[in-house]
Structure formats: C-alpha cells, structure tokens
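Undergrad: What TrEMBL records for this protein is below:
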{"type": "TRANSMEM", "residues": "21-43", "note": "transmembrane segment"}
{"type": "TRANSMEM", "residues": "240-260", "note": "transmembrane segment"}
{"type": "TRANSMEM", "residues": "267-285", "note": "transmembrane segment"}
{"type": "TRANSMEM", "residues": "323-344", "note": "transmembrane segment"}
{"type": "TRANSMEM", "residues": "365-387", "note": "transmembrane segment"}
{"type": "TRANSMEM", "residues": "460-485", "note": "transmembrane segment"}
{"type": "TRANSMEM", "residues": "506-526", "note": "transmembrane segment"}
{"type": "TRANSMEM", "residues": "570-593", "note": "transmembrane segment"}
{"type": "TRANSMEM", "residues": "605-629", "note": "transmembrane segment"}
{"type": "TRANSMEM", "residues": "645-665", "note": "transmembrane segment"}
Amino acid sequence: GTPQKYDPTFKGPIYDRGCTDIICCVLLVLAIVGYVVVGIVAWTHGDPRKVIYPTDSRGQFCGQQGTPNEYRSQLRDARLHPGKAPVCGVPAEGACAFTHKHPPNSLCPLLPTQICVSKCPDRYLTYLGAYSSRTPGELEYYRQFCVPEFKNPQKAPIEVLKDKECPAMIIPSTPLARRCFPAIRAKKGVIMIGNETTYDDGRGHRRNVTELLEGAKKANVVLETRQLAMKIFEDYTVSWYWIIIGLVIAMVASLIFIVLLRFLAGIMVWVMIVMVILVLGYGIFHCYLEYAKLKGEAGSDVSLKDLGFQTDLRVYLHLRQTWLAFMIILCIVEVVIILLLIFLRKRILIAITLIKEASRAIGHIMMSLLFPLCTFFLLCLCIAYWASTAVFLSTSNEAIYKVFNETACQFSGQTCKPETFNTSNVTKLCPDAQCLFAFYGGETAYHKYLIVFQFFNVFMFFWLANFVIALGQVTLAGAFASYYWAFKKPDDMPAFPLFSAFGRALRYHTGSLAFGSLILAIVQVIRVTLEYLDHKLKAADNKFAKFLLSCLKCCFWCLEKFIKFLNRNAYIMIAIYGTNFCTSARNAFFLLMRNIIRVAVLDKVTDFLFFLGKLLIVGSVGILAFFFFTQRIKLIQDTAPPLNYYWVPILTVIVGSYLIAHGFFSVYGMCVDTLFLCFLEDLERNDGSAEKPYFMSPDLKKLLKKTNKGQPDA
C-alpha cells in the first residue's frame, strides 16, 4: 500500500463524518427483529417446566396445580425399581421401563412406569405385604405410591397388580431434583439400600440390591454433587465479604500496576531481556559441565543414530552427544537473541515509550477503566437472551402419547389421544392397551424447523456478542485517538472523549461494526459446527475423515485469530477516519505490513508486560487469600471464617482477580494498539515542519531524533 499523505484538515478523529456500511446496518436490524420474533414464538410454545419438573406416564407435571398430581411433587420412576436389573439408568422423559421381556428402545409395558408421589418411600415394602399386614396404616401408606385413580383398597392384590394401579414393591429412596432415587450407600465395601443388601421384588423372589446399582449410580453422583454444592454455598455465605475485599485489592493492584508502567515499563522489559540471556548462558554452561563429566564413561560415546529411539528418555541424558546438541542449540538461540537486541534495540525502546504513553493516556481518560463494565453488562444480556431462547426452543415440543400393551396388538406403538382413547376401537380390540405419555415431539411445520431456529439462535448470539465487543473497541479507540492527536495534551482534548466516541460509533458506524462482527460470527459458527462433527465422529473408524476434520479445525482457528486481529485494527481506523469497514481494514493492514518489525516487537513486549502484570496481581492476591483463609496469618487468625473447603473462596478470589486484571489490561492493550497506529500514521503524514508538525509525545520525538521546527514541543 501507499503511505498516507499529509492532510491539512486532519486534526484527529473526524467529527464531520457520514454513515458507513448502511446495508449491514439494515441487515443487523432485520436480524434482531427476526431474533425477537423467534424468541416470542419460542416463549409462546416453550415450557421450561419440562426441564425443571418431572413428568409422569400421562405427561402431567408432578405438583402441578389443577391436576390429580397437585400434591404429588416427587416422581417415582419404575425404571429405577424394576424386578430385573435396570438397563436405562437415570430418569428421562421416556415412557417405559425395560425388563427381560422387552429389549431396550422398544415400547414395553411395565406400569406404573412414572408416578407422581407426595414423598419418596422410606422403607422396603411389597403391595402384597402391605395388603395383608396387620400394622395399621401400612396399606394407606402404600396407596400414596399408586396411580391417583386408585380408590379401592379392598380390591384383590392380583387385580391391582394386573391393572397396573400400584407398583409391586417399593424400596427406600432419596429425593433429588423432584425425583426418587434408590438410597444406595456403601458400608465397609458392601452395597446397601437402607440397611439391607437384598429386597423382595413383590413377586416372591429375593434380589440383590446390586441389581439397582446401575440404574442409580448416576443419581448418587448427582446427590453427592448436590451435597458438595450445599457445602460450597455455605462457604460462600460466610466468606462473601472477604472475597469482595480480595477483589477490591485486585482492582487497586491492577490500577497501581498500570500507573507504575509509566515509570517501570523500561526497567521491567530490560530486566526480562537480561534474565533470558543469563538463563540461556547458564544453560550453555550446565550443558558443557555435563558433557565434560561424561568423558570417559562407558557407553557415553554411543551416537544418537546408533542408539535409536528409546521410550525411556532418561537414557539419552547419559550420552555426551545429547548434551553437545543441547549446548549447540542454546548457543544458537543466545546468539540470535543478542543479534536481535543489537538490531532491534531502537524498536524495543519505541515499544517501551508507547507503553509509557498509554499509561499517560489512561490517566487523562480514567473513565475508560470502567467502560468494560458496560461491555460486560451488554454481553450478559446477550448470553441471557440466547440461553432463555434456547431453553424455550428445546421445550417447545408437544407431549406425544403411544399405545402400550403386553399382549399382541396391531395398534401397539401407534400415536393416541388420552381424551378419546377409552372410546376408541383400540380398547375394544386390545382390552389391556393403554394410551400413555411416550416423549416430547411434534409434527407441525414449527416443530420441523426447530433445528433451524436453534441454529439461528446460536448464530445471532455470536453476531451480537461480537458486535458488543466491537462497539467497546471502537469507543476506546476513538477516545485514545483523541488523546494522541491533541497537539497540546491534554488541553486540546474534547471534554468527554469516551462518550463522544461512543456516540459517533453508534450514530455513524453501526453498519461497519455489524459487518466486521458478521464475518467473525460466520467463522465461529463454522468452528462450532466442526467441533460438533468431531464429537459425533469420535466413535467412527474413518481416519481420513478425522484427519480432514482436524485440518479444517486448525485452519478455521487460524482464520478466526487473523480476523480478530484485522477487525481490531480496522475498528481503530474507523474510529479515527470514519471510513467503511473494508477501507479501514485494508488501510490498517497495509499500514501494519509497512511496519511489520515494529508490530512484532511491540506485540511481544506488551504481551510480556501484560503476562507479568496478570501473574503478579493474581499471584499476590491468591497467596494473600491462601494465607488468610487457611488461618496462617497470626495477627488476624481469628478473623478468618470457618470453612468446609478453604479452596472455595481462594479459587473465587483468584478467578475474580484474573478477570479484573484482564479487564484493566484489555483497556490498556486497546490504548497501546491505538496509539501505535496513530504513531505510524503520524510518521507517514507529517515531517516536523511548521506546516506538518508531529503529534507524538516529546519522548517519542526525542527517541526518534525528530523535532517540530518553529514550534515548541507539546
């Protein structure tokens, strides 16, 4: 590309600008309108209760008002209490259990399969035992585990079991997520339910409780997880204010670090460089000592070629040739680094000076440090809308009922309606047939396009999330560009640079931001699709397909990184010049390519400083939290709250400190990138004459040995 030419009217971010990429702006508005329509349709058809509340074999929610299950809020699933070892595991939205008579995935009758109960059973009991028991209230207790329509306790047990009105047996169960799971526990390595290792299946047979283990082991994992979650919640209730104090300390430390970069950036960078050189030098010296020590030892002179490949890598450390190779490699690296320092020392100094200048810019625009909170809030809205829409879409299916029967019947497995089933011909031809809830589905046009709506939901989430991030980047770039292009800093800066930049971005460049975020969203959706396909092909043996998929994943990962880099710099040019996205991306790319070495040096120097800053802040706050919550600070030992797991608040403080430090440094990184592009533009546009003075800081002019002729430095 051609360098930028001098423009006498350019004095920083252009205020007299027009709207850019209007077509993309219109597309974004239409897409948002469509997204709202999809959300409304999903909220109209969806029912999140299908996820939260269990459903009995009739498709009715347990505990739902206005139904026979109003006072039965727990679900007893017969698939976890069969007479044969269960096959299907934890409760799902299916309709039947699997016994030895019926293979998995078949429509099998073992009823009542799923019954809503007021509470889970707490004892072993069979219906026959309860019916013949002389204990008062035994049969009345058992009735609560029968279907709501069961009203005749005097009915013969054989008829009750034949009509599937009550289960043959019940076992001690534990409520979890409104479902009853066998209360399995291990005592001295023996699996037990309650205090028994066997149970009566209600059909005259004693069975081992291990037959129930497969059906409930996942439930026990969830139960243990719930107990762990309760303890973690207790820890949060007694330590939340100390966690907030730790996060405040992290915020103050991040702010102090950014301020100190103005004074310590150069020292930290050069100390890092010297440390790298010294470490490499010690590595060379250590390799030489090992090489000399192995001289004359038996077997040490065997060549790597003769030894061949060995699974025990320690064998290679006994060869002189190994240490010689290490020493040569380290020497080459050392020489390369020293040569780079000699030839790139000036560019390293420029990077350090720009980092110091970024600290000054943030000092004049302190509100920029709080702006990520706005971006975070908007991202939370995007996530909340996407998640709620996804839940409503996934619960938009209707209850499907199927015909279940034990004897041969031509209508078995066919769809039916419970309201008209008893008056249909099915009950006449198949007296034992029942119309029961099978699963959630649907055959309407809406249900056929549910997968399309889900895909659109994911795509819009990526588009809107990237748009919010782009809006934040353009706003910060506009504010920091107004600082750089102020000839007398900060006197020539606008009164509210951050709010002015935010207004310009929304008013003029919504289309450009939509364009850039759309491109990135398309790539991200493709990556998600590839990850989904990779998950589906894990069990496949097609090695070529796996190889091709891995190559595509790698290529699109690289493409996403490149587009993010290009978009970031394009947004800076949009904030400064008000050009459309394509023009801004092209100008930014060519400008960076004309200064590729400076770009590489600045990128690595800033990456190091940000890594050092995050490590310092997170490490310091994390260590302080560790000593405090483990009561190792004697002065405040009694102040620390009692905890179940001391790692809960410590990890929370560490993760929160990282997010806070990342938020501060993201602003700092945007500031450095903006000032760098402005600096490159300044060098190409101006020459220091009275007509074309430099806008860079005095430190940069001094470093580059440039002056503004006829004018005092700002």
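Cβ from N, Cα, C; glycine included.
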Undergrad: Any residues 6+ beyond the ends of the transmembrane segment (365-387) with a Cβ under 8 Å from its own?
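TA: 39, 255, 258, 457-458, 460-461, 464-465, 468-469, 471-472, 475-476, 479-480, 483, 497-498, 663-664, 666-667, 671.
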Undergrad: Should the transmembrane segment (506-526) and the transmembrane segment (323-344) be scored as in contact, given a threshold of at least 3 Cβ pairs under 8 Å and pairs 6 or more apart?
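TA: They do not touch: fewer than three Cβ pairs between the two stretches lie under 8 Å.
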Undergrad: Looking only at the recorded stretches 21-43, 267-285, 323-344, 570-593, 645-665, which one has the largest tally of CB-CB distances under 8 Å to the transmembrane segment (240-260)?
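TA: Checked against 21-43, 267-285, 323-344, 570-593, 645-665; highest Cβ contact count belongs to 645-665.
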